[in-house]
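Undergrad: To start, I am sharing the structure in question, which I have written as structure tokens.
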Amino acid sequence: MAAPAPKQEEQQPHPVKDQLPAISYCLTSPPPWRQCPFPLPLLSSAAFQEWIDRSPWLTTPSVFAAEAILLGFQHYLVMLGTTVIIPTALVPQMGGGNEEKARVIQTLLFVAGINTLLQSFLGTRLPAVIGGSYTFVAPTISIILAGRYNGIADPHEKFVRIMRGTQGALIVASTLQIIMGFSGLWRIVVRLLSPLSAAPLVALVGFGLYELGFPSVAKCVEIGLPQIILLVALSQYIPNLVPLLGTAFERFAIIMSVALVWLYAFFLTVGGAYKNAAPKTQFHCRTDRSGLVGGAPWISVPYPFQWGAPTFDAGEAFAMMAASFVALVESTGAFIAVSRYASATPCPPSVMSRGIGWQGVGILLDGLFGTANGSSVSVENAGLLGLTRVGSRRVVQISAGFMIFFSILGKFGAVFASIPGPIIAAIYCLLFAYVGMAGVGFLQFCNLNSFRTKFIVGFSVFMGLSVPQYFNEYTSVAGYGPVHTHARWFNDMINVVFSSKAFVGGAVAYLLDNTLHRHDSTARKDRGHHFWDRFRSFRTDPRSEEFYSLPFNLNKFFPSF
């Protein structure tokens, strides 16, 4: 007997969604702030709501928000990875020791808190954490290797001089994003983005960071691999096996898994498991090798020009400006991913441009305070929005409070900052994947049966992976990039630009999408351009006002278009 014919609705593909469904708390719906005489029970969403309905006293105004605070702390915990890894790599090369490293981490954390608050209140208003960026590492290393610092014998003096050089370069580089953002120039660029050209850009913002994933986990696989397994189990499997506690495991899987594996690593350390191991293994595996707790002061408030007056060099400023432009493109992709996981509508170009302007202000603050690194949108925190399904703006603002608090109380912040790197890298394996899939998700708006679509997506992703791989391999073998002229600043500019997977892939997709059969009506539909038409202006979709309008009626003075 033949099988019955499938129903008509079963043959239809999944409908496209302007806003991502199944998000527990979207951009403007923070987790509940409720007065509780005892801790909130960690129930599933349906059971939790039923319990609230039977308890009217829970709806009273509150000063206590256990869930929101824990979620904010989790964002702080995730952003610590980049905040610690970058100074740990740079400060010793600059001539600094554990004390200098701890102060740089404190400063980077303090400025990240300020920048995150500025972005959430005055920038895009998305729940985006603004933290340190790997894009600025290469020009910073170029400054470290500058010949004018070779004759300085005192390590601390050398560190301070190099820090002042990076400050000057960052201050100049910040003007690029400030001008492009606040003048509206970046708005013109973003208006030409379609779902087809956005997909490779956003995908490579996440997938392009694969080097920071398992290769770093493998540096101490006995703690990195358990972290991956435990995080996947707690966030994906346990919620289905134990529905009553499913929401708790989904939202706090990182806090739970990190606590357990960190404790396990501590027992391995005190038990002498690494007593006879190689120094490199001890550095990655032991919980007492960071040197941050001993080097950090009890209380310290970072302040502008704490290292002295910045120094300026034209060549170094140009190289840092190239990194700033790459960070601008990467942050655009990360903002798009954040808006998706916050269940908001696509970010209007004028709002995106405004956010880039405030990110430029953030880089200016990096230069004034002396962080040895520039700022961009934290990709790992964007992925955390997807893992927890909480895209609330308030949660990220709470996390900014944790950043500022623990940057001032140095010893306490140093304890959390001493989490072994392989544990952080294991977390990255999930979070970067979520950001990459946010980009892949935009292909739902495109015609995947179109050969134009296949060419643009396939070619841009391949080139986005292949070109930076060539630049990175060449540099690792030769000690310098493929572009090697007598003008070091020019070399740095080109090498930084073409070493970014997101930049190369996004630029190729953007160029092809806006030049190949651009005026063909079929191609316009295939690229999904018509789906985003109503979001190309702030006023053409009523939801933009809800998600992106400035607080305190500031839209009257700074209107969006």
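Cβ coordinates are placed from backbone N, Cα and C, and glycine is handled just like the others.
Keep in mind that TrEMBL annotations are predicted by a computer and have not been checked by a curator.
Annotations per TrEMBL:
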type	residues	note
TRANSMEM	73-92	transmembrane segment
TRANSMEM	104-122	transmembrane segment
TRANSMEM	128-147	transmembrane segment
TRANSMEM	168-186	transmembrane segment
TRANSMEM	192-212	transmembrane segment
TRANSMEM	224-246	transmembrane segment
TRANSMEM	252-274	transmembrane segment
TRANSMEM	395-417	transmembrane segment
TRANSMEM	423-443	transmembrane segment
TRANSMEM	455-472	transmembrane segment
TRANSMEM	492-512	transmembrane segment
Undergrad: Check the transmembrane segment (395-417) against each of 104-122, 192-212, 224-246, 423-443, 492-512 and return whichever range has the most CB pairs under 8 Å.
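TA: Most Cβ pairs under 8 Å with the transmembrane segment (395-417) come from 104-122.
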Undergrad: So, does the transmembrane segment (224-246) come close enough to the transmembrane segment (128-147) to give 3+ Cβ pairs below 8 Å, pairs being at least 6 apart in sequence?
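TA: Per Cβ check, the transmembrane segment (128-147) does not touch the transmembrane segment (224-246).
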Undergrad: Okay, the transmembrane segment (192-212) and the transmembrane segment (492-512): do they have at least three CB pairs under 8 Å, pairs separated by 6 or more?
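TA: Judged by the Cβ rule, the two regions touch, with the required three close pairs present.
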Undergrad: Taking the transmembrane segment (73-92) as the first stretch and the transmembrane segment (252-274) as the second, find out whether 3 or more Cβ pairs fall under 8 Å, excluding pairs closer than 6 in sequence.
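TA: These two stretches do touch.
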Undergrad: So, does the transmembrane segment (104-122) come close enough to the transmembrane segment (423-443) to give 3+ Cβ pairs below 8 Å, pairs being at least 6 apart in sequence?
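TA: The transmembrane segment (104-122) and the transmembrane segment (423-443): touching, no.
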Undergrad: Six or more residues beyond either end and a Cβ under 8 Å away: which residues meet both conditions relative to the transmembrane segment (224-246)?
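TA: Counting only partners 6 or more residues beyond its ends, the transmembrane segment (224-246) has Cβ contacts under 8 Å with 42-44, 47, 216-218, 253-254, 256-258, 260-261, 264, 387, 422-423, 425-427, 429-430.
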Undergrad: Mind checking which residues of the chain, 6+ beyond the ends of the transmembrane segment (192-212), have their Cβ under 8 Å from one of its Cβ atoms?
TA: 134, 329-330, 332-334, 336-337, 379, 382-383, 425, 428, 432-440, 442-446, 453, 456-457, 460-461, 464-465, 468, 500-502, 505-506, 508-510, 512-514, 526-529, 531-532
